[in-house]
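The structure under discussion appears below in the form of structure tokens.
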Amino acid sequence: CGRRNSDLRRERYSLIVASLTGAFGSSFLYGYNLSVVNAPAAYIKKFYNETWERRYGFSVDESTLTLLWSITVSIFAIGGLVGAIIVTPIVKFFGRKRTLLLNNLFAVTAALLMSLSLLAGSFEMLILGRIIMGVDAGISLSALPMYLSEISPKEIRGSLGQVTAIFICIGVFTGQVLGLPEIFGQEPRWPYLFGAIIVPSLIQVVILPFLPESPRYLLLEKHNTSKAEKAFQTFLGKDDVSHEVEEVLAESRVQRNTKLVSILQLLRTHAVRWQVITVVVTMGCYQLCGLNAIWYYTNNIFSEAGINHETIPYVTLSTGAVETVAAVFSGLVIERLGRRPLLIGGFGLMVVFFAVLTVSLTLQKTVHWLPYLSIFCILAIIASFCIGPGGIPFVLTGEFFQQSQRPAAFMIAGTVNWLSNFAVGLLFPFIQAGLQTYCFLVFAAICLAGATYLFFVLPETKNKTFHEISQAFAKRNKVSLEMQEMNHYPGERKSSAEQESNFTSSVNNGETKKGIV
């Protein structure tokens, strides 16, 4: 009993350190860079104007200044799209862990450019830093969930996968806190907000090298059995990992080979057609569900409720705190409740609160207490998003696909994520100008459509292996599980007898005798 408890402690320690360190230098920075530009916005615009006047002898006109600021904010999504596109070859060549480590080069470079832009008198450095930081985010939001899904035992795969979302929320909250006037939210100090990006990167670079690479990657793609066994032993906290290795080798035998598929091959594979569609829908709804619109309206709603203008930055901290608490709650209950109820329930609650918010905003000038209802709706929408839609799409992308398909799947998910992010930033001002407070009904409709689709299509994936999840989709994909296995690599198949012979031979010869789920 004592030895079992010791093993469990070892398992928890290694997995916790790997997940926290990986997320702190990755998804934390994504969340931080979403919020960090809000507090110093007025000071940065003043810096742009002063730089322009110093160069050209006249002040920049309002439309050009607005364009420069819009580029500064939205170009982060363009960088993210670039990162999502290049992540597949990077994780294939360098592996999951090393990709996270190398990605810090982008973060440190971006931090130096942005923090030194005021000293250098170059707003171009700030814009360039934002796009490079976007590349870092695009890579990390694919590589981190991939790493976490591959090092996790299936019993806690969902909880560990939610670490990505939790650290996004913590990053947003940290950006809000550091942007307060008492810290870095003053004119001479705003460059420090961007220089702080270096800290999480350095912590990850110091700690992550001492943790193993993904054992699935080592075994299935690098064919390094000894390192894979050691990685399993470290993450699982036990010496005998033969069962886990056998499970991975069984998957390898089914796959016929471990050659990575391209995006085009994945899209042509009938056996995962509905898995791909579901990832596209969940990732699209993740960005299009209206949370960005909530941030746009927050200050106005707080002001309408009678909150002093100087106090609003402190009250806004409540939104970041609610985000974080809701994300942690989701991580604690996801293995008990499952992915499906949290995801569908989250979108469903957002529909309800968007509808109530629309009514309260429309009538708030006629009833004195309605602004407070609007504040409640804002916090409720944020919480509803974070308990499910805010993190589970990343978990599902890691669970739906086998080892050889996962990089291409994350590339598709990342591309949809960042294109949707850019579309919201581009189109929302026009939607808001045309519909005013009724713009939230558009987002309610998107959430309703997403919840409806997931209700009819999404199976529960809690505690299930890849093969069990594939079986759940088999009927909808109109292929049997046997046909699924044969269709993963058309044109590169071996007979079952040959596969069995090769597998048995390799085990008997001691070349490979262990594996993972």
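Numbers run from 1 along the shown chain.
Each residue, glycine too, has its Cβ placed from N, Cα and C.
Keep in mind the model is a prediction, meaning the values are calculated, not measured.
Feature annotation from TrEMBL assigns compositional bias 'Polar residues' to 498-510. Here TrEMBL flags 19-462 as domain 'Major facilitator superfamily (MFS) profile'. What TrEMBL lists as region 'Disordered' is 490-517. Annotated transmembrane segment per TrEMBL: 12-32, 67-88, 100-121, 127-148, 160-178, 190-211, 276-297, 312-334, 341-363, 369-396, 408-429, 435-458, in sequence order.
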Please determine whether the transmembrane segment (312-334) and the transmembrane segment (160-178) are in contact (criterion: at least three Cβ-Cβ distances under 8 Å, sequence separation 6 or more).
yes
Long-range environment of the transmembrane segment (160-178) - Cβ separation under 8 angstroms, sequence gap at least 6:
15, 19-20, 22-24, 26-36, 38-39, 141, 144-145, 148-149, 151-152, 184-185, 193, 196, 313, 316-317, 319-321, 323-324, 326-328, 330-331, 334, 386, 390-392, 394-395, 398
Residues of the same chain, at least six outside the transmembrane segment (190-211), with any C-beta under 8 angstroms of its C-beta?
14, 17-18, 21-22, 24-26, 28-29, 32-33, 36, 39-40, 43-44, 97, 100-101, 104, 107-108, 110-112, 114-119, 126, 129, 133, 175, 178-179, 184, 234
Is it true that the transmembrane segment (276-297) and the transmembrane segment (100-121) have 3 or more CB pairs under 8 Å, sequence gap of 6 or more?
no
By a Cβ-Cβ criterion of under 8 Å, what residues six or more beyond either terminus of the transmembrane segment (435-458) are in contact with it?
274, 277-278, 281-282, 284-285, 288-290, 293, 339-340, 343-344, 347-348, 350-351, 354-355, 357-358, 361-362, 389, 396, 428, 476
Determine the mean pLDDT over the domain 'Major facilitator superfamily (MFS) profile' (19-462), rounding to the nearest whole number.
90
